[in-house]
Structure formats: C-alpha cells, structure tokens
Amino acid sequence: MPWIIFSTPLAIVAYFLIWFVPDFQQGQTLWYLLFYCLFETLVTCFHVPYSALTMFISTEQSERDSATAYRMTVEVLGTVLGTAIQGQIVGQANTPCLQDPNGPAVALGSVNRTHGIISLRETQNAYLLAAGVIASIYVVCAVILTLGVRERREPYEAQRAEPLSFFRGLRLVMSHGPYVKLIAGFLFTSLAFMLVEGNFALFCTYTLGFRNEFQNLLLAIMLSATFTIPIWQWFLTRFGKKTAVYIGISSAVPFLILVALMESNLIVTYVVAVAAGISVAAAFLLPWSMLPDVIDDFHLKQPHTHGTEPIFFSFYVFFTKFASGISLGISTLSLDFAGYQTRGCSQPARVKFTLKMLVTMAPIVLILLGLLLFKLYPIDEEKRRQNKKALQALREEASSSGCSDTDSTELASIL
C-alpha cells in the first residue's frame with residue numbers, strides 16, 4: 001500500500017505534463033522523454049503492488065480467480081473509459097491532415113496559417129482537458145483502493161518464514177518451470193494483441209479508409225471485451241483454464257484472417273471488432289488468472305520461503321511492458337521503412353500493406369507461438385486440485401501448531 005499511496009500524486013503530475021506543450025522549442029524531445037519515462041516508472045510502482053494484492057486478499061483459489069475476473073473487468077472498463085474520454089475530447093479538435101506532405105513549400109503554404117494556429121491551440125487545450133479528466137479518475141480510483149482493501153497473510157508464512165534476499169528470491173522464481181513457461185506464452189500473446197491495438201487506428205484510417213470511425217471501432221472492441229470477461233470467468237471454472245486459453249485466444253485468428261481478406265465494409269468491420277473483443281477479453285483475463293496457481297505451486301515446493309509474490313507479479317508486469325516496447329519498435333521501424341507520411345490524408349500502397357501485416361499476419365504467428373508454449377504449461381485442473389488440498393493441509397497444520405503454542409503459554413502463566 002505505501003507504494004500505491006506515494007506513487008499516485010507523482011504519477012498524476014507526470015501524466016499531466018506529458019500532454020503539456022512547453023513554450024521553449026529546444027529540448028522538447030527531452031521534456032517528453034523525461035516525463036513519459038517518469039510516468040511509466042511511477043505507474044509501474046502502482047501496478048505491481050496492485051496486481052500482487054490478489055494474493056493477499058484471500059487464501060482460496062476460487063476467491064482469487066473471482067477477484068482477478070473483477071480486476072480485469074474493471075481494467076478493461078477503464079480502458080474503455082480512457083478511450084472514450086481521450087478519443088471524444090481530442091477528436092473534436094483534431095488537426096487537419098495534409099493533402100501533400102512531401103510537396104513543395106509553396107503547396108504547403110497554401111494552407112490557411114491562421115486556421116492552422118487556432119486548430120493547433122484547440123488541440124493542445126483538448127489534450128490538457130482530457131488529461132485533467134483522466135487524472136481525476138486516477139485519484140478517485142487510488143483512494144477507493146487504499147481505503148477499501150486490507151492485506152491478509154498466509155498463516156503458515158508467519159511461522160515458517162525465513163529471511164529471503166531479493167536476488168535469492170529472484171533466482172528461485174526464475175528457476176520455477178511453470179512460471180517460465182507461463183510468462184513465455186504470455187509474452188507472445190501479449191505482443192500479438194499489442195500489435196493489433198497499437199496499429200488499429202492507422203489501419204482503420206489508411207487501409208480500410210474509415211478515418212472518422214476508428215475511435216468508435218476501438219470502443220466496440222473494448223466494450224465487447226468488458227461484457228465477455230464474466231463469460232470467460234464462468235468458462236474457465238467449468239472447463240479449466242488451459243482449455244479456456246486455447247479456445248479464447250485462438251478465436252482471434254479467424255477474425256484476423258477475415259480482416260486481412262475483406263474489403264472496406266463498415267458493417268463487417270464492426271462485426272469483426274465486436275468478435276475480436278471476445279478474444280481480447282480472454283487475453284486480458286486468462287494469463288493473470290493462471291499466475292496465482294503458479295505461486296501456490298511454488299509455495300508447496302518452497303514452503304520455507306515467503307515474500308516472493310511481488311517478484312512473480314513484477315516480472316509479469318515487466319514482460320507486459322517489454323512486449324509493449326517491442327510492439328512499438330516493430331511498428332515504428334516497419335512503417336518508417338515503408339515510407340509512412342505523418343499527418344498525410346493518404347499513404348503509399350506499401351504503408352497500407354505494412355499496416356495490414358502488422359494487424360493480421362504478425363499477430364496470428366505470435367498467437368500460434370504463444371499457444372504452443374501454453375501447451376507446455378504443466379498446471380492443469382487436476383494439478384490445481386492437488387495443490388489446493390496440499391495448501392489446505394499446510395494451513396490446518398499451521399493453525400493447530402498456533403493453538404498448541406497458545407495453550408502452552410496459558411498453562412505456563414497459570415502455573
């Protein structure tokens with residue numbers, strides 16, 4: 001909780017300054033690099049303990065799964081809210097595209113400069129307004145989290161725990177086979193969906209030609225994901241988590257193929273967007289719901305160690321950030337080599353083809369690789385039930401040991 005409390009106000013300031021345009025021209029790149037990196041660092045200081053709280057609010061697997069489902073539903077809902085706020089506010093004051101960005105200076109000078117300056121100022125103010133609204137929501141959510149959640153420890157940890165250094169804990173965690181297989185599969189599937197997410201707006205704008213619809217298409221995807229997370233939660237409790245992973249994440253492949261093959265049809269695009277949201281929900285929920293099972297398995301194999309939960313969750317978050325960075329690098333370099341024209345009203349054919357590959361074929365390959373790695377993940381439903389019984393026996397042993405110690409203390413005081 002201290003990490004969450006102290007990082008929140010600093011993260012809000014850094015987030016607001018990301019969208020602020022300083023008066024000086026020299027060093028603006030350094031300004032944005034500094035505050036973007038600072039915000040990512042501070043929001044990681046929030047996200048890691050926030051995610052790790054799943055292990056500290058209950059000792060029951062079913063309750064942790066339910067908490068994970070609620071958490072991911074709200075996270076997707078937050079993404080929907082952020083997309084709506086940012087998209088609708090900024091979209092009302094967006095700068096116009098350039099008909100001929102590579103043309104001579106005379107052609108560019110024909111653009112009304114006064115209108116351009118006013119439009120740019122309106123866009124700057126719109127970004128600041130959206131940042132202020134989102135920062136306010138950040139504060140409200142952090143206050144609710146801080147006041148509404150209490151941490152609980154496993155009873156056997158307090159009695160059998162031994163001091164554990166960070167590097168020894170890291171070595172133990174990274175040598176745990178189920179964890180390595182899970183984060184490897186999670187890395188590839190996360191990278192697949194981040195490629196789609198990062199390039200979807202450009203794909204809709206230039207390849208499909210829906211310049212004024214991409215914000216609504218993104219909302220359709222995220223709303224579909226929000227409403228289907230409870231369905232996936234029911235599915236994984238009924239049929240198992242590995243089955244849900246195979247079906248949920250692989251269901252994106254047919255729709256990505258359809259996107260690659262179809263022509264510019266707005267109705268079909270909306271249908272595909274809603275269907276894709278179903279797979280996005282599975283990609284959001286299922287890997288995170290599997291992590292507590294890995295931690296329980298680790299505790300059974302290393303019963304005398306404690307405090308490793310933040311290491312498990314922090315490296316899970318690390319690989320999420322890592323996938324985001326790889327996605328951004330691949331997308332930027334690919335579009336640059338293809339000849340992408342910033343703010344252009346249209347793009348060369350090579351750019352349109354590159355966008356189609358980034359949104360369809362590349363994610364399909366990554367999804368298939370991720371599912372292959374999930375196949376190697378050893379914790380199935382039978383293993384989960386065995387671990388649950390073993391942990392329950394460990395807790396009962398710790399509770400009975402605690403009662404015996406209490407009885408001995410009372411007897412000694414009476415004597």
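Backbone N, Cα and C define each Cβ position, glycine as well.
Taken verbatim from TrEMBL:
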TRANSMEM  6-22  transmembrane segment
TRANSMEM  29-50  transmembrane segment
TRANSMEM  126-149  transmembrane segment
TRANSMEM  178-196  transmembrane segment
TRANSMEM  216-236  transmembrane segment
TRANSMEM  243-261  transmembrane segment
TRANSMEM  267-291  transmembrane segment
TRANSMEM  311-333  transmembrane segment
TRANSMEM  353-377  transmembrane segment
Winner by Cβ pairs under 8 Å against the transmembrane segment (353-377), considering only 29-50, 178-196, 267-291: 178-196
CB contact flag for the transmembrane segment (216-236) and the transmembrane segment (178-196), at least three pairs under 8 A: no
Positions on the same chain near the transmembrane segment (178-196), where near means CB under 8 A and six or more residues out: 249, 252, 256, 276, 279-280, 283, 287, 290-291, 294, 297-298, 312, 315-316, 319-320, 322-324, 326-327, 330-331, 358-359, 362-364, 366-367, 369-374, 376-379
